[in-house]
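So the structure is just underneath, and the comments pick up after that.
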Amino acid sequence: MQAWEEFLKAQEVELGLETVQKWLRTLKIQRFDACNLYLEAKDSFQALWFEEHIRNKAQQKFINGNNKRIKIHLSVANTPQRAKKTKTANKEKDFKAPFELTFDELDPLCLFPYFISTEENLLSHQLLLEIAGLSPQIHSTQLGTFNPIYLYGSGGSGKTHLLMSLAHALKAQGLKVIYVRAETFTDHVVTAIRAGEMSVFRQAYRNIDVLLVDDVHVFSRKGATQEEFFHTFNTLHLEGKQIILASECSPQDLQLIEPRLVSRFEWGIVLPLKPLRPGEMRNLLIAKAKALHFELPLKIADYLIETFKSNAKALIKGLEALVLRLHLDAKHSITALSVTATKALLIDLIEEEQKTAITPQKIIQAVAEQYGIRTEDILGKAQTRECALPRQLAMHLCREQLKMPFMKIGDLFSRDHSTVMSSVKSIQKSLEQDDREISGICHIILKKLQG
């Protein structure tokens, strides 16, 4: 086929002769017509490589003599082992099990009544309540009014809880709803490519009313996944189906994700979510304990908050483990539960938390590594921008992540509290003004600190 040969020669110039010989010329042409080319890959790895590196190029540049695009259909050849199994199955008049996608399960306790709303998160909470039809507002926001809805915030800010709460509410109304983590979506793409079942994949993701995707920042560097999600997004959006996304960072701060996807993420409404403060954490614990039919003593709630500081997820995990282990361990009385007994029951989780807990020293070290300077430079007296900006950022993170008093931060950095307040205010102002450099560095450092 002349058009295919011309395309391969163009790829030899772009990718190199050896790469094309290894990955493209070994594809077997099954059949072709004016607008379709059917290829067979020798194995799933070759098919996946094609999807990652060539599919997008072929859609743009693979055309026939009439300047019309030629669609490539790719399947995977049967290996001898697979062929043997197929032969045996046919002999026994058996049939191959249908290709199926397994979606993420919804946490039954992630419901709107158990979400602790704060002043900062009120808009996001209210919007999703309206979409779910659970708001007392007379003129409520309907599905599709904002499309997509993009929620972002650090770990433990409530993104997953809100998404799952909405999924529960909409499913109860009889709507076809998919909640999926970005990692699961990626697994589905890879599995479907390997099985030659992309049509099943597309039908599963497009024959729905609402799509909720958690952790979309995970799409970073995944070319085939981004390509498939781009087309899934377009199809659903054109049909007026609601799309709701969640991520650890705003669309502008997403790393290594195609600009065309980033721009689509901003088409609707982008809403930030803030983690709970220590006082609000107690309300969260009490509400969660109530959902578990467990009366949590306040002294134990305060101990859990003091112990599991990394994020709300770690805190809830600690509570759930405590409730389960209390029910399994007859030695401890729920009514007379002590801090000592709680510590004994959760010792493994406490040790795990201590390994990952953020400390002022870890913050200073992470900032120094990010800027390529020494920790002594951050703690020293130098006023050059190379040292002053990292120092201000470290102070801001100590205040934001650890809720350290200004006086205590001043003692750590050998500065008076007014200097610390000025430094923290300077970074906060940059973040409020959407300084992409500062916000991007903050995001990278927090990712390192949170493992």
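Cβ atoms here come from the backbone N, Cα and C positions, even for glycine.
As recorded in Swiss-Prot:
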type    : residues                       : note
REGION  : 1-68                           : region 'Domain I, interacts with DnaA modulators'
REGION  : 68-104                         : region 'Domain II'
REGION  : 105-326                        : region 'Domain III, AAA+ region'
BINDING : Gly156, Gly158, Lys159, Thr160 : ATP binding site
REGION  : 327-451                        : region 'Domain IV, binds dsDNA'
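Secondary structure by DSSP for the region 'Domain I, interacts with DnaA modulators' (1-68): 38 helix, 12 strand, 18 coil. The Cβ of Lys159 (ATP binding site) has 21 neighbouring Cβ atoms from other residues within 10 Å, across all protein chains displayed. According to DSSP, the secondary structure content of the region 'Domain IV, binds dsDNA' (327-451) in residues is 92 helix, 0 strand, 33 coil. Listed in chain order, the extra residues whose Cβ falls within 8 Å of the Cβ center of the ATP site residues Gly156, Gly158, Lys159, Thr160 are Gly153, Gly155, Ser157, His161, Leu162, Ala246, Leu273, Ala312, Lys313.
Counting every protein chain shown, 21 other Cβ atoms lie within 10 Å of the Cβ of Gly156 (ATP binding site). For Thr160 (ATP binding site), the Cβ neighbour count at a 10 Å cut-off comes to 22, with all displayed protein chains included.
When pLDDT is averaged over the region 'Domain I, interacts with DnaA modulators' (1-68), the result is 82. Taking Cβ-Cβ distances under 8 Å and a sequence gap of 6 or more within the same chain, the neighbours of Gly158 (ATP binding site) are Phe115, Ile116, Asn121, Leu273, Leu276, Ala312.
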